[in-house]
Amino acid sequence: MPRLLLIEDDPAVREGLQIALRHQGHQVDTAATGRDGLDRARAGQPDAVVLDLMLPDLDGFEVCRRLRASTSLSIIMLTARGDDFDIVAGLEAGADDYVVKPVQPRVLDARIRAVLRRIGRAPAAVQSHGDIVIDRAGLIVTKSGRPVALTPTELRLLLVLAESPLQVFARDQLLRLVWEQDYLGDSRLVDACVQRLRAKIEDNPSTPVYLQTVRGFGYRFGPV
Amino acid sequence: MPGRSGLRSRLILGFISVALLASVATLVATYVGAAYLFRNDQLQSTSHLVDGVLPRDPTSNQIALIVIGSALALLALMVVLAQLATRRVLRPVRKLAAVARRLAQGDLQIRLTATGADEMTDLVHTFNEMATSLQAKVAELHRMHTMAQRFAGDVSHELRTPLAAMLAVTDVLDEQSERFDGDAAAAARLVSRETSNLNRLVADLIEISRFDAGSAALLMDGVTLADAVASCLRVRGWTQQVVVEPLPELRVRCDPRRLDVIIANLVGNALRHGAPPVTLRAWTHHAAGRDWLSLRVHDCGPGMPAEVLPHVFDRFYKADTARTRSEGSGLGLAIAWENARLHEGTIEAANAPEGGASFTLHLPLYPEPLQAG
Ligand SMILES: Nc1ncnc2c1ncn2[C@@H]1O[C@H](COP(=O)(O)OP(=O)(O)O)[C@@H](O)[C@H]1O
Ligand SMILES: [Mg+2]
């Protein structure tokens, strides 16, 4: 059973979402504050965190950054519709996906399951591109021999792109393949994830070699 | 603009007629007088009257020529004077007209400066007072409008938190209601259904309030038109109910979510307010110096009465009052229209000549950059 941590300050929303997620077959731990959330994440080792951005003590962005610093669990943030600044800031802080509040429980569940599925489906093979070695069986990525810590979403994106080097992937395509979202998904999810991935695997993230932008169209892996 | 030069030419004409009358009177008087002098052979003794001007032995024709000549010179002088005088009189009037025009165009700050103390100055003062009170009224209206908008936005945002809690448990309620009996089951279903409706309404209100606050932003991306249409219909289970004519092969630069909202609104309306078959057609064309994508949704329903047509994009406007409330908020087309406008596009509502309602979205086609970077 997937273990979730729900960090949400409003008691009614927290209780409602807990009931709904439990009903969908998740094991749900809850926290009402950012600090409590961080403690519980450390102690409970959940598979994914559902994180409200508006928290009384530490805001959601800070919680996100601190979680990212120590773990690679999946993070889904709860935001208000159209608060674009929040969404961008949240993705930059390391969130994998977001849902807009009020959320239909089915939608939240689908997103959680998509995030959790990102680990663990890949053909067994070891590829090397330049300094980077991708072990698809062990799900390990190393750069110049040193392992790179990637979140499931980042790993999945890298696997998809590197599976067909030089092929250009449009953002909506990547949203489908990595986030399992319809074309309506927010393409900033892709951009933010590419940025984070570049920061981890490129020598110089501003002149990327592995993850190249094809302006106005999308991204491609290489040429290395 | 005939009105602008009308006053001026009338003034000039007035001056000229006065000059003309004066000249003619001079001419007649002189001519009659001269003829009388000639007849009495007293030219010699009266020649000092025109000494140095008339020839020593002038004929009546020469005198006539001189008189006519001076009359013409007088006329010419009067024309020039008339020009100058009318320009002086008209300058403040022109200025007033120009300032009034700018006021009408929305420049409420503009005022006239008064010089002197004539009727014109009174007019200038009255005009300035009018402009000041107009400006105050408009500012007040604007303030009230903004307050009302903000209130609507705030209320919607406040509703969101309790709604989030309620919406979270609707699925549980729906499933459990099967085990309840009679009234309890009906009550559970009602609460669940109306929570979803309320959620839609609040989401629409928040969307509208973002347009009003000017905080609605375009998140531009490229989408394939056929994909956008197919996904929009598929997600809502409408694929079987809509006839999609072959679409142009096209990648469109737009905000995909907003395009989806527009198409979903038009198709949803055609299915709910119109009747099958519902067809969707798209084409590109060139107009007003740019390329456009047009997308038309047509249904075979009753269409819209002529008095309804100008209002379909109004907020909360529902022509069909007999329909139950929960069928729609009446905000759908207002939101669709705002979304189109955000893309610098429009939506046209019409009744098709063959019957049925026809809504056409026009979106400017932005070129999609395609170079590697
Ligand atoms: N295809 C159509 N045929 C007939 N009437 C329509 C059609 N589309 C819209 N209308 C009229 O315009 C009104 C406003 O539409 P809309 O803003 O989408 O609100 P809603 O669909 O929620 O009633 C509708 O209530 C309906 O009376
Ligand atoms: Mg509608």
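Placed from the backbone N, Cα and C atoms, the Cβ positions cover glycine too.
If you look up TrEMBL, you'll see B:87-139 marked as domain 'HAMP'. Taking the domain 'HAMP' (B:87-139) as a whole, pLDDT averages 85 in the prediction.
Feature annotation from TrEMBL assigns domain 'Histidine kinase' to B:154-367.
For B:12-38 (among others), the entry in TrEMBL reads transmembrane segment. Within its own chain, the transmembrane segment (B:12-38) is flanked in space by residues 46, 60, 63-64, 67-68, 70-72, 74-75, 77-79, 81-83, 85-86, which lie at least six positions past its ends and keep a Cβ under 8 Å from the stretch.
The feature transmembrane segment is assigned by TrEMBL to B:63-85 (among others).
Look at the domain 'HAMP' (B:87-139): DSSP puts its residues at 39 helix, 0 strand, 14 coil.
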